[in-house]
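Working notes, structure below.
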Amino acid sequence: MTSRPKFFDAVNAALIGIISILCILPMLLVLMVSFTDEASIKQFGYQLFPSELSLDAYKLLLFGSTPLYQSYMISIFVTVIGTILAVTITSMAGYTLAAKHIRYRNGLGLFFFITMVFNTGLVPWYLINLNLGMNNTIWALIIPSLVFNPFNLFLVRNYMSQIPPSLTEAAKIDGASDFYIAFRIFFPLCMPVLATITLFYGIAYWNNWFNAIMLVDNEKLYPLQYLLFKLNSEISMIQQMQSSGAILGSQTLPQESVKMATAILTIGPVVLFYPFLQRYFIKGLLIGSVKE
Amino acid sequence: MKKNRSGFLREIRSNGSAYLLVVPAAIYTLVFGYFTLPYMLIAFQKFNFKTGLFNSAWVGFDNFKFFFSSPRALEVTFNTLKLNFLFIMVGTLAAMALAILFNELRSRWFSRVTQSTILFPHFLSWVIVSYIVYSLLSTDYGILNRILAFFHVDPVNWYASPQYWTWILTTAAVWKDIGMNLVIYLAAITGIDDSYYEAGRIDGASRWQLIRHITIPLMLPTITILTLLALGKIMYGSFDMIYAIVKDNGLLYPTVDVIDTYVFRSLRTIGNPAQAMAVGLYQSVVGFILVWGSNKIVKKVNPDHALF
């Protein structure tokens, strides 16, 4: 009888092992192609174990005159500034919505909630942004649909509601204002949920290309993800890099591996922060989805 | 009435700084939420950018007629419902099965490592995923055609064969989000009281019987709720995914073009906001009815989990 569970455990572990490998294997393929010699790709296609390795794609991207640096700067700027703004706006509103001494907190909650349930869609959103003059400015990548998300607001509110109101009352008696209570008492107590929404917003900013495709035509403002999107469909972008092909000392442009190398450089930061991301992401999911 | 008003003023005066904290979020929601509502009216106009919302001519239901009289209306509606339904159902079942397997794992270390690899794709943008799909399916260099060749199967021109794309997209969606669902479902399983399992074991239940009669029935309420809420949003979404992977590849429209991509193209490629808005209005109204309906059902199943 004891051998059967052991057998089951082994099969189970093997199955899970295979599934988890399948989840990253396609990513590894992209990584390997980015290191593959162009002639070898032309001959054998994309390979997980390339016949001939080459650093040409990275040389071109890092030392050539490519739009990569510009886009990297845009993405970093947008992600950092956007996330700071978003987390500040969201946690401030979360405090008021959770504060039990605020009479209209439920009405305010409803005001935010309605926009979550009824979605007017793409067209009004686009027209509002044109009217605000967002198009072709860096703000188009920061403000519309990214800088505030009601889902995150309710995440913060629910977390803050658990803090006993006696704490606020005591601080009020000592003469503290709501500003002081929010920033000096509540926010430090709510670090786990604030870390979680920082992560949610950060990822949303880094991965966003929707705002760019809708509102940005100026190449100088392309965030990384949109550059990558364009790279796959517009060969001309790669041909622009041809001028810098000289640094490779060869005439053929490593077109295929350059695309894949750009993809790899785009997820670089995600991989770098992954341990942090994963930890707070799981925490956030559990705060948000499973009610006790 | 008067008393009420002074109550309002007193509330604002005494808690002013708290209300001030909510102002940025409120302005944002007002502008990007409520102020978008009037623009829905352009669905009934012959809108152009010069005359704007207030001076464009009214044309009644012409924009709707244009959409609903074309065969595309049925096609994109069907594709939206089909793809989202498959994403939700296949995704839920796969994650549920995986969560049960994970719950049976003995090694905590192994569980943690495999969970983090399975969660990884969730953090990738759909643009990145489109590169992955391309590296697998590209006709010239894709690895899948090489594998087919190895088994002496003729190569497939994937990007010109719409019949495969329903399942290609479903696979991509499940692949990307299974890790997230796994975390949620594992939490639901962990929440199950241990005493049920102890009682089962005392009665001599096998591991499979414990799964079948305790784990599955007790995780089902959580899953039902999440699935219903997801089904409510079935009219929306997937623009990021489908447009990143398929782009403007007309060959694949018959199976993958959805309302969101159709609206996008009407607006940005064809440049007709009014027609795009007509389709968007149809999507919003049907979408809202579905959200409302699914919430009503959730309320019946478990009032605590209802959205409103």
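Numbering starts at 1 and runs along the chain as displayed.
Yeah, the Cβs are placed from backbone N, Cα and C, and that goes for glycine too.
Among the features that TrEMBL reports, domain 'ABC transmembrane type-1' is placed at B:77-294.
What TrEMBL records for B:20-44 (among others) is transmembrane segment.
Per TrEMBL, transmembrane segment is recorded for B:83-102 (among others). Distant neighbours of the transmembrane segment (B:83-102): 111, 114-115, 118, 166, 169-170, 173-174, 177-178, 181-182, 184-186, 188-189, 211, 215-216, 219, 223, 226-227, 230-231, 233-235, 237-238, 242, 256, 258; these residues of the same chain sit at least 6 beyond its ends, with a Cβ under 8 Å from one of its Cβ atoms.
If you look up TrEMBL, you'll see B:123-144 (among others) marked as transmembrane segment. Distant neighbours of the transmembrane segment (B:123-144): 155-159, 168, 172, 176, 240-241, 244-245; these residues of the same chain sit at least 6 beyond its ends, with a Cβ under 8 Å from one of its Cβ atoms.
Within the chain carrying the transmembrane segment (B:164-189), a Cβ under 8 angstroms from the stretch's Cβ atoms is held by residues 82-83, 86-87, 90-92, 94-96, 98-100, 102-103, 115, 118-122, 124, 129, 133, 137, 156, 158, 215, 218-219, 222-223, 226, 238, 241-242, 245-246, 252, 255-256, all 6 or more beyond its ends. Per TrEMBL, transmembrane segment is recorded for B:164-189 (among others).
For B:210-231 (among others), the entry in TrEMBL reads transmembrane segment. Long-range contacts of the transmembrane segment (B:210-231) within its own chain (CB-CB distance under 8 A, at least 6 residues past either end) are made by residues 85, 88-89, 92, 96, 99-100, 103-104, 184-185, 188-189, 192, 196-197, 200-201, 290, 294-295, 297-298, 301-302, 305, 307.
Taken from TrEMBL, the feature transmembrane segment covers B:274-293 (among others).
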